[in-house]
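Quick look at what Swiss-Prot annotates:
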BINDING   GLY8, ILE9, SER10, GLY11, SER12, GLY13, LYS14, SER15  ATP binding site
BINDING   ASP57, ALA58, ARG59, ARG60  GTP binding site
Amino acid sequence: MQINLITGISGSGKSVALRAFEDAGYDCVDNLPVSLLENLIQTLEGENSERVAVAIDARRGQSIAQLPSILENLRRNHQVRVVFLNADTNTLVQRFSETRRRHPLSTSAQQTQSATLIEAIDRERNLLEPLRAQAHSIDTSSLPAHALRSWIQDLLKDKPTGLTVVFESFGFKKGVPSEADLVFDVRCLPNPHYDKILRPLTGNDKPVKEFLEKIPEVISMECDIIQFIEKWLPHYIADGRSYLTVAIGCTGGQHRSVYLVNRISEHFRAQKDLIDLQLNFLDRHRELDSIPVTKL
């Protein structure tokens, strides 16, 4: 059975992610206590269910502490993927304020609402932190709902076994993605933004590609990043990781980082000798995907 566990900080978009799994034909369960997870899987096995997505209820901290060992047991007989959704505290406070909902871990009403909410968010972060290391982490701080759904759909194309390498472009002016394991700063490269013709375009467009591919520094940067990843990739595989996020950032996340993510991702996808290692590759463009349409 393919088991997809959705966890993360309340307000980070778990319901949106679960609906994306449901739209893809998965059996879905929301707000399931950890103590019932193994019983649920046994029941679904009896019903010949092949794909399930479960959003975990984090309100019982003692049960959450048992989740890593439960996942280890499930992985003996099933394919298990953990998706961890995160967002910065300011974004979470704003989302809870807009929806007027209480945080699941809110404490006493004697404190002010903002203090109670922030304390609840911090407490939940501490409870769930051990899960992040074995999860595919997505920072939804600047990510609209339609983009999160799209990212989940891309994730479903990925085999739930082996190491998944995510190449992600971003803009430093909006901050480094919290899920990044490796960060490469390419702001030192010539910027197409200063060309009036190229400014409204992106690194996906042919004129920008033609501009950047002729610059020796861009070619050198691309080669250096590839060589670094090729050197250390076997060590990340040996470490038993499920996910490795390589974030490449320029100023706005529109031209240089997008171009390099595409180029580097294409390079690794073309390496036939990596097939035996069960590697999966995803590429994302955070700022290009972050055009607001629907709030989480």
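Placement of Cβ uses the backbone N, Cα and C atoms for every residue, glycine included.
Projection of Swiss-Prot feature records onto the structure.
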residue: GLY8; record: ATP binding site; Cβ contacts under 8 Å, 6 or more apart: LYS14, VAL83, PHE84, LEU85, ASN86, LEU128
residue: ILE9; record: ATP binding site; Cβ contacts under 8 Å, 6 or more apart: LEU85, ASN86, ALA87, LEU92, ILE121, GLU124, ARG125, LEU128
residue: SER15; record: ATP binding site; Cβ contacts under 8 Å, 6 or more apart: ASP30, ALA55
residue: ASP57; record: GTP binding site; Cβ contacts under 8 Å, 6 or more apart: ASN31, LEU32, PRO33, VAL34, PRO104
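Burial estimate for the binding-site residues (SER10, SER12): highest at SER12, by number of other CB atoms within 10 Å.
Its Cβ taken as reference, GLY13 (ATP binding site) is surrounded by 27 other Cβ atoms within 10 Å in the chains shown.
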